[in-house]
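Student: Pasting a structure below so you can have a look.
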Amino acid sequence: MTFRGDTAVVVLAAGAGTRMRSDIPKVLHTLAGRSMLSHSLHAMAKLAPQHLVVVLGHCHERISPLVDELAESLGRTINVTLQDRPLGTGDAVRCGLSALPADYSGIVVVTAGDTPLLDAETLADLIETHSATSSAVTVLTTTLSDPHGYGRILRTQDNAVMAIVEQTDATPSQREIREVNAGVYAFEITALQSALSRLSSDNAQQELYLPDVIAILRRDGQTVSARHIDDSALVAGVNDRVQLAQLGAELNRRIVAAHQMAGVTVIDPATTWIDVDVAIGRDTVIQPGTQLLGHTQIGDRCEIGPDTTLTDVTVGDNASVVRTHGSSSSIGAAAAVGPFTFLRPGTVLGTGGKLGAFVETKNSTIGAGTKVPHLTYVGDADIGDDSNIGAGSVFVNYDGMTKNRATIGSHVRSGAGTRFVAPVNVGDGAYTGAGTVIRDDVPPGALAVSGGPQRNIEDWVQQKRPGTPSAEAARKASAEQSTPPPDADQTP
């Protein structure tokens, strides 16, 4: 989506956000996997404007490096400018204009960094309206059932935009108006610069209000237009954590619906949370209580959930992931994971593999067709194809100072309760006996067993634990075993 080259966007993100009651700058609070500022800049970047400027103030030293990272990921330049003192939105825009070339003469779009649902399509409509009407300014408006806190749109009898009055400066009758300023504008730069130079701080907040530019341009005889949108959530701002949660839920509803329309079955949208950068293939079923976060990628025809959280996890086609918590891992096609499986970063499960109940994996590669069915820890290991790791096995990877790797070949069968003390190698086709502690390499095809013959110490419980329920049970059992059974053929 592109427009004529002479379009610049200024994003206002200098506010302190005191109502958030947070040590985190307001625009860095997240929803659907992105900060509010990131949502805004992603939308602005889709317009491909000639210039993109972010105005920072409060906590600029924390926000500016993140803007630079985002600019790199978006593959475009984003200029940052600083508002030294909080003198109002009018002053913030003036700071933003200072980052533009002196000879810039095109359209300036002004928006805020705390409207995370604002999309590129809405901005495109605003710019098209602005260009079609040859206006000095076009303001985006919407109608709210409860407009408290928003600037009201004042219109003339012929319905032209006359001015914008802030909540704190509005009369009782003006506060009854439900059409509000969405805080998004398209300006001709020369008209904007002229009006900014005449702003006054003679108001309740003693600040330079950007909306006052509307009345100034109107008095100058300039054309002032408005673009009304019915979907007010697109321009809803965030000032506190209640609004953050409300917009987060609304954004999630839209994300889930988009996946449903693309061929994904979501059994219970109310308990399903999907980040904006998640991709899900067709005919996949998402069960209740599932969170798909970060850059998680799900293939076609998968079954995910219930009660599953995946963060930056790749899942191949036809895989099943049930009651699993996983991050920074890869699950192969037709693999089965869960229930109650913990995938820590660096886990790679091959095609058709299985990680079952109460299995934890970390920094390990598990080959195609290999099964780790239950009650096992696999850390810092490389396991070949079509092997089976018995229940209760542990990869002992830490020696108190360093993590060591274990390598298990293909077609290996390990008995229940095997301990692989790394570093160690087990060759292809080898077997291990139940309870074996593997401290040395096992050759291909060998059976590894450890420990001496079992030794039973008779009557130990009665001697060492006399009077206990165990001792009494043992006494009775011994007595029963020592009593000969009656002779069935004996006659009285």
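Placed from the backbone N, Cα and C atoms, the Cβ positions cover glycine too.
Remember, predicted model here, so these are calculated numbers, not experimental data.
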Student: Check Swiss-Prot for me: it has ALA391, ASN397, TYR398 binding acetyl-CoA, so pick out which one of ALA430, ALA434, ALA446 it puts in that same site.
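Tutor: Candidate in the recorded acetyl-CoA site: ALA434.
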Student: Could you tell me which of these binding-site residues, LEU12, ALA14, ALA391, has the fewest other Cβ atoms within 10 Å of its Cβ?
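Tutor: Checked LEU12, ALA14, ALA391; of these binding-site residues, fewest Cβ neighbours within 10 Å: ALA391.
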Student: Using only the residues recorded as binding acetyl-CoA (ALA391, ASN397, TYR398, ALA434), report the maximum Cα-Cα distance in Å, whole number please.
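Tutor: For the residues that bind acetyl-CoA, the greatest Cα distance is 22 Å.
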Student: Measuring Cα to Cα, how many angstrom lie between ASN397 (acetyl-CoA binding site) and TYR377 (UDP-N-acetyl-alpha-D-glucosamine binding site)?
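Tutor: Approximately 10 Å lies between the Cα of ASN397 (acetyl-CoA binding site) and that of TYR377 (UDP-N-acetyl-alpha-D-glucosamine binding site).
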Student: Can you tell which of the binding-site residues (TYR377, TYR398) has the fewest other C-beta atoms within 10 angstroms of its C-beta?
Tutor: TYR398
Student: Within the same chain, where does the region 'Linker' (242-262) have neighbours whose Cβ lies under 8 angstroms from its own Cβ atoms, ignoring anything closer than 6 residues to its ends? I mean 6 or more beyond.
Tutor: 20, 29, 31-32, 116-117, 233, 236, 269, 272-276, 278, 280, 282, 286
Student: Please give me the CB contact count at 10 A for ASN181 (UDP-N-acetyl-alpha-D-glucosamine binding site), counting all chains in the structure.
Tutor: 24
